[in-house]
Amino acid sequence: MDVVDSLLMNGSNITPPCELGLENETLFCLDQPQPSKEWQSAVQILLYSFIFLLSVLGNTLVITVLIRNKRMRTVTNIFLLSLAVSDLMLCLFCMPFNLIPNLLKDFIFGSAVCKTTTYFMGTSVSVSTFNLVAISLERYGAICRPLQSRVWQTKSHALKVIAATWCLSFTIMTPYPIYSNLVPFTKNNNQTANMCRFLLPSDAMQQSWQTFLLLILFLIPGVVMVVAYGLISLELYQGIKFDASQKKSAKEKRLSSGGGGGGGSSSSRYEDSDGCYLQKSRPPRKLELQQLSTSSSGGRINRIRSSGSAANLIAKKRVIRMLIVIVVLFFLCWMPIFSANAWRAYDTVSAEKHLSGTPISFILLLSYTSSCVNPIIYCFMNKRFRLGFMATFPCCPNPGPTGVRGEVGEEEDGRTIRASLSRYSYSHMSTSAPPH
């Protein structure tokens, strides 16, 4: 049972030739043939169990790593921690209370559980969506507006934003505990069962509510994320082009001057951060200081710019791929259920006819997968998170200090190197103190 997937029904629970019931806010067919019913139930249990276990294990692991590993406590990871909590909440308060009543054809948990679970599920979906938006805006500020965003890119500000998203979500979803109730119905064997139903007083209110949810939980967040990640991708591509041109220019200058290319050993020290790992930049070695002291200011900056080009190029391409996956999977997981909700609110009969049975089960399952793919996208695909996982659990193979050396993260004490990814901001890069 999922609040966002509440396929609301105002009419009767029976529509020939197949009796349609809204059990636990899910459409199902009451008179399916026995072999087909058993086969579908087996597949449903298998898929639900797999997604449930993956979500619980993945999000629990994310929460554990982010809490126990001090170097993982960045601004971005604070949002990821909130996202993991909301995804875990969605899994725990959604999937069992959808699957079990679907199999039993009866909501057996009582009215209090019906109201509580609908409320928690609606809140978890809302928090997840708002966290995704907050992460996209935070990444936009860190990558596209690094100097301006430093004013508000702090852990305390992130905690305030997270607290606001949770409070706002709990407030928005207050209609669910108010209007969620158990509705009795008679099954084919003349036994009385219950459905957990979210019913507003009128069709107009239902349509308005579904339109409201469609806007604030899908359309508006989707547009914001597409725009934010689109601008980030554009900025990264500009940075890649700038890196390539700077590398070529620096190489030509070294060849023409007959100099030896120093600074190559420090390439990894200037690798751009993705915000998921916190690593102090090591002080320059004595040889590097001597090389820098014998060069002009412009030469130092050129070497710094060019030395990290290869590493930056790889890191930026990896970030772009991850951002594309984030946006695509967000729409893939949530577009079907939001579309079904709107269809259900405006054309109940047609929605019942086309969505009952397997289609709605697949749509619901697709929306549930969002709770398990987020840890994979944001953390498990990230090298720094894997290093944090290994540091948190000593039983895992330790990659050694070389695994984290030179991977500079986002520091908020002003001692790290801050550089924009675009050609317009490279001149602001400092190796001593943050720009003001």
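One-based numbering along the chain as shown.
A Cβ is built for glycine as well, from the same backbone N, Cα and C atoms used for every other residue.
Checking Cys114, Cys144, Cys276 against Swiss-Prot, the residue bonded to Cys196 by a disulphide is Cys114.
According to Swiss-Prot, of the residues Asn13, Asn24, Asn24 is the one noted as N-linked glycosylation site. The record in Swiss-Prot shows matching topological domain names for Ser111 and Leu355, meaning one and the same side of the membrane. A contact links the transmembrane segment (42-67) to the transmembrane segment (358-381), because at least 3 Cβ pairs that are 6 or more residues apart lie under 8 A. No contact links the transmembrane segment (78-104) to the transmembrane segment (211-234), because fewer than 3 Cβ pairs that are 6 or more residues apart lie under 8 A.
Summarised by DSSP class, the composition of the topological domain 'Extracellular' (179-210) is 9 helix, 14 strand, 9 coil. Following the DSSP three-state reduction, the secondary structure of Cys114 (disulfide bond) is helix.
Asn190 (N-linked glycosylation site) and Cys114 (disulfide bond) have their C-alpha atoms 23 Å apart, to the nearest angstrom.
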